[in-house]
Amino acid sequence: MGRPDPEEGQLPAPVKPPDGGWGWIVLLGCFVITGFSYAFPKAVSVYFKELMKDFHVGYSDTAWISSIMLAMLYGTGPVCSIMVNQFGCRPVMLIGGLLASAGMILASFTTNIIELYLTAGVLTGLGMALNFQPSLIMLGTYFDKRRPLANGLAAAGSPVFLSSLSPLGQVLLEKFGWRGGFLIMGGLLLNCCTCGAVMRPLDMGMKRKMGKAQDKYEAKEMLPIGGKSEEGISTTDGTKKGKKAKKKPKKGKKLLDFSIFSNRGFIIYTISKFILVLGLFVPPILLVNYAKDTGVPDTEAAFLLSIIGFIDIFARPACGMVAGLKWVRPHVAYLFSFSMLFNGLTDICSARASNYTGLVIFCVFFGISYGMVGALQFEVLMAIVGSQKFSSAIGLVLLIEAFAVLIGPPSAGRLVDALKNYEVIFYLAGSEVVLSALFLGVASYCCLNRGKKEPPLENNPTAGAGSDTEEAESDVQEAEEHSSDNHQPAHSTDSAVVVASEEANHVAEEQRGEGGGCPAGDGEVLARDGCNADQMVERDSF
């Protein structure tokens, strides 16, 4: 009747990533969320000149709006991890979509820059953070073999949305002003709620709820109509509730798992990412001004960022496909190290570019390397900690990256003001990225022996989940057997089920009288006074 027949003697296996199916819809939602999260803080910059005129503030004051958004995106990582572990991905994403939209809508009614910081900065930034992290967690849940490709496709949302939201923002600014543009942007952010709604949880929770309702329906069908039927249903429910209450403490889940810091691979990854972020975002931020100082016209200088974005769109999915190859995926950390090394050397080699052609060549290679880094960064983290601990790991990593984001670009800007020389900044940024690449590659190589021992341990959470599933199904079967013992289904319409139940009970009584052991065989697994659920699971595993 919609569930596997328990008489087949097979307990349902733990849920595995489908690597497709509804996962493609989840991937589409993650693509949109990633696009909004990374591109929106940059796209808002088209409104800065109008905000400067209306509020009589400087460029640095309006730039804090984007900085606050990014700080919220990175700095609230642990908060997102706690909420996801407590409530699940879908509710958190729905709340995040509402907060992001409400922030921009309220920002359209603000009267000073401080109110903009609180609405467009804090509220919208928090909303996007509550969407970004759970979407990555769900992506890792639905994909395993194709996960590198899925991460690459999802990461492509950033350049696609950046190339779309910036022109759209300019059109909205010209037709409706910055207030109307903020209002419409807030409406667009409601699409985050749609993306959150499609994040269907891939676990046994829904199956257990459906199984409980199905048990009641089967009890009504099989037991006599009247008081006995109601009594049988209440007995079944009472047995399940009692078992559930006893086993509930075992299923306690940490809100934030700090045990990942005992993983050497995670420590290496975190340190390398911190060094990477110090220099990764500096070149694209300073590129336009650098081009203008070399004599490039304004329109052509702005087009350089479009070149990076266009190359980035194709580089991320392509890198994801390469990382998914069976002979490359076991060494994805080294591929990530190579991509960082490629990016850092590109920065260093472009420091002496003195004409527009040289800057275009730099943008092409920077777009390729930047796309590779964006496609691999979360794939490597998933491979290191596993999907079970990824929700806690990404929150802690983003928090650590938040400090690097607040240190790197502002420090580069101050050095430009002090030295009036972009060449030194590009050398410094490239050196930081190269250092992070070398650290990741060398440290990973030195810890290879440790890494070979870790994969069996990573399977333990999955095995534990399977054991919980089997225990739950055993509880359901035990309750059904207990109910069938007290009330023989003499008036059942399904005679085959009645005969099977009576035969199973007869075999169980004979074996209990002889040795008190558990009934064995290919038939239905029975749990009586002499056989507990643990014994059932152990026997059934053979």
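Any Cβ shown, glycine's included, is placed from N, Cα and C.
Just so it is clear, the model here is predicted, and its values are computed rather than measured.
According to TrEMBL, the feature compositional bias 'Acidic residues' maps to 468-478.
The compositional bias 'Polar residues' annotation in TrEMBL covers 486-495.
The compositional bias 'Basic and acidic residues' annotation in TrEMBL covers 503-513.
According to TrEMBL, the feature domain 'Major facilitator superfamily (MFS) profile' maps to 23-448.
Residues annotated as region 'Disordered' in TrEMBL: 228-248 (among others).
The region 'Disordered' feature in TrEMBL is assigned to 456-542 (among others).
Within the same chain, residues 69, 73, 93, 100, 124, 128-129, 131-132, 135-136, 138-139, 142-143, 150, 153-162, 164-166, 185, 189, 191-192, 194-196, 198-200 sit at least 6 positions outside the transmembrane segment (21-40) and bring their C-beta atoms closer than 8 Å to a C-beta of that stretch. According to TrEMBL, the transmembrane segment annotation covers 21-40 (among others).
Among the features that TrEMBL reports, transmembrane segment is placed at 63-84 (among others). Packing against the transmembrane segment (63-84) from elsewhere in the chain are residues 37, 40-42, 44-45, 48, 51, 92, 116-117, 120-122, 124-126, 128-130, 132-134, 137, 255-256, 391-392, 394-399, 401-402, 405-406: each is 6 or more residues past its ends and has a CB under 8 Å from a CB in it.
Residues 33, 36, 80, 83-84, 116, 119-131, 134-135, 179-180, 182-183, 185-187, 189-197, 199 of the same chain sit 6 or more residues outside the transmembrane segment (91-110) yet have a Cβ under 8 Å from a Cβ within it. Among the features that TrEMBL reports, transmembrane segment is placed at 91-110 (among others).
Within its own chain, the transmembrane segment (116-137) has Cβ neighbours under 8 Å at 29-30, 33-34, 36-37, 40-41, 44, 51, 55, 64-65, 68-74, 76-77, 79-81, 83-84, 89-90, 92-93, 95-104, 106-107, 110, 154, 182, 189, 192, 195-196, 199, 378, 387, 390-391, 394-395, 398, counting only residues six or more beyond its boundaries. Marked as transmembrane segment by TrEMBL: 116-137 (among others).
As annotated by TrEMBL, transmembrane segment applies to 181-202 (among others).
Among the features that TrEMBL reports, transmembrane segment is placed at 266-291 (among others). Non-local neighbours of the transmembrane segment (266-291) in the same chain are 260, 300-302, 304-305, 308, 333, 340, 343-344, 347, 350, 356, 359, 363, 366, 370, 373, 377, 380-381, 384-385, 393, 396-397, 400-401, 403-405, 407-409, 412-413, 416, 422, 425-426, 428-433, 435-437, 439-440, 443-444, 447; each lies 6+ residues outside the stretch with a CB under 8 Å from one of its CB atoms.
Per TrEMBL, the feature transmembrane segment maps to 303-325 (among others).
As annotated by TrEMBL, transmembrane segment applies to 332-353 (among others).
Look at TrEMBL and you will find 359-378 (among others) tagged as transmembrane segment.
Sequence annotations record features per position, and here TrEMBL assigns transmembrane segment to 390-412 (among others).
Contact between the transmembrane segment (303-325) and the transmembrane segment (359-378) is supported by 3 or more Cβ pairs under 8 Å, counting only residues 6 or more apart in sequence. Across the candidate stretches 181-202, 359-378, 424-448, the maximum count of CB pairs under 8 A to the transmembrane segment (390-412) is reached by 424-448. Per-residue confidence over the domain 'Major facilitator superfamily (MFS) profile' (23-448) averages out at a pLDDT of 83.
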